[in-house]
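The block underneath contains the structure these notes are about, expressed in structure tokens.
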Amino acid sequence: MATIQDIGVSAAINILSAITFLLAFAFLRLQPINDRVYFPKWYLKGARESPSHGGAFVRKFVNLDMRSYLKVLSWMPAALKMPEDELISHAGLDSAVYLRIYLIGLKIFAPITVLAFIILVPVNWTNTTLQSSKVQHSDIDKLSISNIPVGSKRFAAHLTMAYVFTFWTCYVLLREYEIVATMRLRFLASEKRRPDQFTVLVRNIPPDPDESIGELVEHFFLVNHPDHYLTHQVVYNANKLDKMVKEKKKMQNWLDYYQLKYERNTSQRPTTKVVAKFDHTGFLGCFGSKVDAIEYYTSEIERIEKEETDERGKIMKDPKSVVPAAFVSFRSRWGAAVCAQTQQTSNPTVWLTEWAPEPRDVYWDNLSIPFVYLTIRRLIIAVAFFFLNFFYVIPIAFVQSLANIEGIEKAAPFLKPLIEMHTIKSFIQGFLPGIALKIFLILLPSILMFMSKVEGLTSVSSLERRSAFKYYIFLFFNVFLGSIIAGSALEQLKTFLHQSANEIPRTIGEAIPMKATFFITYAMVDGWAGVAGEILRLKPLIIFHLKNFFLVKTEKDREEAMDPGSIGFDSNEPQIQLYFLLGLVYAVVTPFLLPFILIFFGLAYVVYRHQIINVYNQEYESAAAFWPSVHGRIIVALIVSQLLLLGLLSTKGAAQSTPVLLVLPVVTFYFYKYCKNRYEPAFVEYPLQDAMRKDTLERAREPGFDLKGYLMNAYIHPVFKGDEDDEKFSISDEPEAEQVLVATKRQSRRNTPVPSKYNGSESPSLAEILLRCAFAAGRSKSGAKRENEERND
């Protein structure tokens with residue numbers, strides 16, 4: 001069990017690591033050669049030029065201005081200087097609201113920390129319960145609720161603080177929900193025109209033997225949305241073509257590499273090894289016959305280009321390449337809102353509509369998945385996720401065994417002399433468990449993102465939110481509950497075996513707060529050194545310079561070599577929620593944990609604000625659609641903290657406090673329901689009043705704007721964009737005829753009151769003839785009436 005000395009060793013290691021990372025960043029960011037690594041966002045915006053364009057040769061790589069090195073921390077005030085409105089304009093609302101999660105942590109835990117140390121720490125410290133107890137403990141545990149004797153009246157202080165902390169947390173959450181909802185509505189009202197504001201994604205389009213998907217979509221929306229439908233874009237299954245394009249790009253990179261290598265040494269042609277049977281390069285170039293590298297990759301690119309052309313032709317000609325989904329655009333935001341937020345037919349399983357993601361947010365690979373398969377896929381992933389959680393308990397238990405010196409000595413007796421050394425022992429108990437847990441979690445976000453993709457979600461933002469949900473569930477059960485249960489059981493196993501069954505719940509109640517030492521070490525490893533390492537960007541730095549040396553020929557190549565990255569909502573947000581959970585749970589139980597969490601929120605806010613301003617390139621804009629999930633998870637953490645405190649006090653002879661504490665989760669739940677009903681609709685639905693207001697203003701400002709031309713190719717698959725055949729994959733821009741009928745190829749219900757561009761040469765149906773006759777008779781009657789009126793005049 002970690003002692004104060006062990007925590008001190010861990011703190012020293014992590015503080016030293018964090019300072020090293022920050023100093024290295026302060027030095028590297030000043031070097032001109034690294035400018036594109038630490039300021040890529042400004043290059044992508046065209047607001048920054050490479051400092052290596054002029055001046056002395058050395059100055060192109062090294063900053064020789066000694067005065068700049070004296071301001072190593074100047075990036076911190078610079079990161080805090082940009083106002084929030086300017087930040088929204090610069091990086092988007094998603095980024096600005098994401099930063100507010102860290103601010104919420106500071107707002108919640110700063111007052112809680114002060115109150116806990118003023119009131120609870122003295123109450124806990126001035127007891128001798130643990131000294132007379134058989135339970136293993138350290139000096140840190142004397143600051144926890146475990147040091148309060150059974151049935152003590154001092155628990156009244158903990159009950160009072162539980163109420164204070166709950167009401168303060170709810171107040172902060174309420175204020176923030178209101179602020180973020182207002183920011184979202186203001187952002188949507190002031191935002192520039194975007195294709196997704198006018199477009200709806202339609203899925204599970206029922207097949208029709210007489211009409212293609214494109215004809216069916218146009219007919220359906222001309223019938224049911226005659227005054228608002230504008231155009232549509234069918235979705236093609238271009239996944240195979242997309243793989244070809246990526247493979248060609250990979251081959252082009254290798255060709256560029258060997259061409260640069262040959263230019264630097266023209267005396268020898270570069271070679272590579274190819275496995276003839278499979279017609280691809282051997283592993284790491286170690287196997288196969290030797291061939292000319294430039295000729296080989298040139299021929300491979302030509303082969304792929306030919307296959308790519310054939311695949312494009314196949315997509316154009318094969319009706320099966322069109323999937324039963326389409327992006328349907330409307331003349332106004334109001335029309336799109338009505339369609340996206342209503343049921344289209346009496347059958348709720350077909351013609352399913354939802355707001356289309358913005359074009360860069362679309363995850364094209366999943367649009368080709370048949371809708372009927374989605375339920376099966378989600379069931380399979382749910383089962384797989386359950387087993388992933390179950391089997392991950394094994395490494396978690398291993399991590400907890402690292403925090404138990406006795407367990408290590410028992411498993412490896414020959415290490416006992418080494419482990420018993422004071423420094424080594426402090427390192428193992430104070431630092432090793434936290435770093436081991438972080439290592440075990442490195443691959444988890446990638447695994448969860450893959451599982452979310454298999455589920456069939458159609459936008460990058462929804463994929464990240466679903467992955468974040470899975471990651472949070474995993475952290476809650478495996479890292480939080482798993483560490484508490486496994487760690488307590490391992491450490492107190494001897495005590496459990498030598499006491500009566502009636503005493504075991506009380507021992508668990510005393511032991512659970514003692515796992516705070518493990519979470520303190522994890523907070524320092526992940527929240528201090530980990531956050532400082534984020535700003536250093538060591539991996540992107542190395543990759544950029546490798547690409548710059550081996551692949552870059554032009555400024556365009558250099559721009560592509562930059563890897564600005566993104567916030568990583570799917571992995572970072574659940575990690576933040578873990579700190580909320582730890583802070584709220586241990587605020588009353590072990591307040592000593594709170595300063596470590598407070599430092600995390602403060603440091604992370606500064607670091608990620610700098611990264612958002614200078615580095616991260618926003619992949620999409622969801623207008624803070626993730627906020628209800630953030631709010632809900634903090635509420636879950638608050639309720640869990642209340643229930644755990646309730647269970648803990650029941651083992652401490654304070655059963656009379658149960659009715660008092662039961663009020664808190666009930667009140668918190670109803671607070672959540674109030675916030676959900678009051679603010680969440682702003683994140684789910686688009687108010688028709690706001691849509692109409694924005695449409696009216698836009699028509700007044702730009703009465704002649706060609707909206708159809710603007711939306712025509714907005715939702716073309718990226719592999720077709722920029723291609724000379726783009727027009728083959730879009731709806732032709734024909735003048736709209738002022739007709740009354742839509743001819744359809746169906747054998748029934750063939751008449752609709754709006755025109756269609758798919759008018760063929762088929763004979764009109766009987767109903768069409770009758771309608772036309774009635775229309776002609778009406779026109780003749782009105783004409784005769786007008787002639788009589790003119791004659792009378």
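Backbone N, Cα and C atoms are what each Cβ position is placed from, and that goes for glycine too.
Pulled from TrEMBL:
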type     : residues : note
DOMAIN   : 7-176    : domain 'CSC1/OSCA1-like N-terminal transmembrane'
TRANSMEM : 12-30    : transmembrane segment
TRANSMEM : 101-123  : transmembrane segment
TRANSMEM : 155-174  : transmembrane segment
DOMAIN   : 197-366  : domain 'CSC1/OSCA1-like cytosolic'
DOMAIN   : 377-649  : domain 'CSC1/OSCA1-like 7TM region'
TRANSMEM : 379-398  : transmembrane segment
TRANSMEM : 427-450  : transmembrane segment
TRANSMEM : 471-490  : transmembrane segment
TRANSMEM : 578-608  : transmembrane segment
TRANSMEM : 629-648  : transmembrane segment
TRANSMEM : 654-672  : transmembrane segment
REGION   : 744-763  : region 'Disordered'
COMPBIAS : 750-763  : compositional bias 'Polar residues'
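Nonlocal intrachain contacts for the transmembrane segment (629-648), taken as residues 6+ away from its ends with a CB within less than 8 angstroms of a stretch CB, comprise 101, 104, 145, 158, 162, 166, 169-170, 173, 176-177, 465, 468-469, 472, 509, 512-513, 573, 577, 580-581, 584-585, 587-589, 658, 661-662, 664-665, 668-669, 671-672, 675. Nonlocal intrachain contacts for the transmembrane segment (12-30), taken as residues 6+ away from its ends with a CB within less than 8 angstroms of a stretch CB, comprise 37-39, 63, 68-69, 72-73, 75, 427, 430-431, 524-525, 528-529, 531-533, 535-537, 541, 603. For the domain 'CSC1/OSCA1-like 7TM region' (377-649), the mean pLDDT of the prediction comes to 82. With a cut-off of 8 Å between Cβ atoms, the residues of this chain six or more beyond the transmembrane segment (654-672) that come close are 151-152, 155, 159, 162-163, 166, 170, 174, 631-632, 635, 638-639, 642-643, 645-646. Note on the transmembrane segment (101-123): residues 143, 148, 154, 157-158, 161, 164-165, 168-169, 172-173, 176, 573, 576, 579-580, 583, 587-588, 591-592, 594-595, 597-598, 600-602, 604-605, 608, 630, 634 of its chain, located 6 or more positions outside it, place their CB under 8 angstroms from a CB of the stretch.
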